[in-house]
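Heads up, the thing below is written out as structure tokens.
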């Protein structure tokens, strides 16, 4: 009986996977608008690929695979069976590059297909919002094909694609954080005006001070551990400039003219952007190939000089993705990806930058069907609430960012099978932080400079 019920449940879920209409709100589909569910499922595809990449790069994975009889070349054998697989390709940084290459191709394909889709009545919207099982098969097919790409110059070329794409994704992350901070501030101020004002204003003050305190502590630690009195001039410049820029945007955000033109701006947003800027600065400095200016986290904690005791990251061919900045980067990536899937913003400037038009879709309530199941509501018959093409392009860039994060932004050397830190990765991150700060500054001063335009 239980087996029959399970089969019935799977059969009902099949409409979610293969249907071209909005899927049934059965056990595998949440009660929500079509636009939200679609973004969540595509984001799940990205997160699934990220999880597979993490598993592939785990230490000892190749050793465990070689223990499987008849699987890896050079591993355990079965009499009469030839080991077929090169396990150097399906684990380590090579597997991450290929997995992320497959995800990037998948999302770029959909980005190209979905250009200029205006409503859900467009035939292409049917493929956007349904046929999940077949889309998953397409992703699996591209992934399998990616592992048959010859080594050659693939890793070096794809490294530079990753650098450029990650630079753009860092800017998108900053835009999403700006939007999140604006929404956070707007909701809490509205709650303060409607209810217990002291409690909500205290919360705003607390988190603002917390963000600035963490950022200030980070600056102090940067000067202590990532600079030397007679060396590391680049790090001193990076830290000092970003500190000055963060002070500038904080002061600008509370100027009377800025407050009159944009009442929603304030120190909460500036404090969050300041903290994120310090993270990007730290992430950049950890990619400096000069080990004197880039001590390992292990040596900082145990007071051991990185020159006297090399860390695992200095071992040729080893990629240690679980260092502190990599973990923080993954957490921020996860937050921004999920937020981009469910966001509903009233900030016009951010909506223009992110190619979203929240609130434009049809306001329709989900209805109970005769069979007792709910259907996801198609709220885009009058107009899409987000750009399908840009959303997929955003996930395309996210795939490249994940590739660089899991490999610590190291450049592969195909001649020695090693991974090495490079200064281009440092400059990409630093320049993205500067451009991001300039972008945030523009969101503050644009309503003042362009007073004849509506920025509400």
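Here, residue 1 is simply the first one shown, and the rest follow in order.
The backbone N, Cα and C atoms fix where each Cβ goes, glycine too.
Between the stretches 60-79, 80-99, 100-119, TrEMBL puts its transmembrane segment entry on 100-119. Note on TrEMBL: of 36-58, 266-288, the range annotated with the feature transmembrane segment is 36-58. Beyond its flanks by at least six residues, the transmembrane segment (324-342) meets 36, 39-40, 42-43, 46-47, 50, 172-173, 176-177, 180, 276, 279, 282-283, 286, 297, 354, 391, 394-395, 398, 401-402, 405-406, 408 of its own chain at Cβ-Cβ distances under 8 Å. Comparing 100-119, 131-150, 157-180, 384-406, 426-450 for CB pairs under 8 angstroms to the transmembrane segment (237-255), the maximum falls on 426-450.
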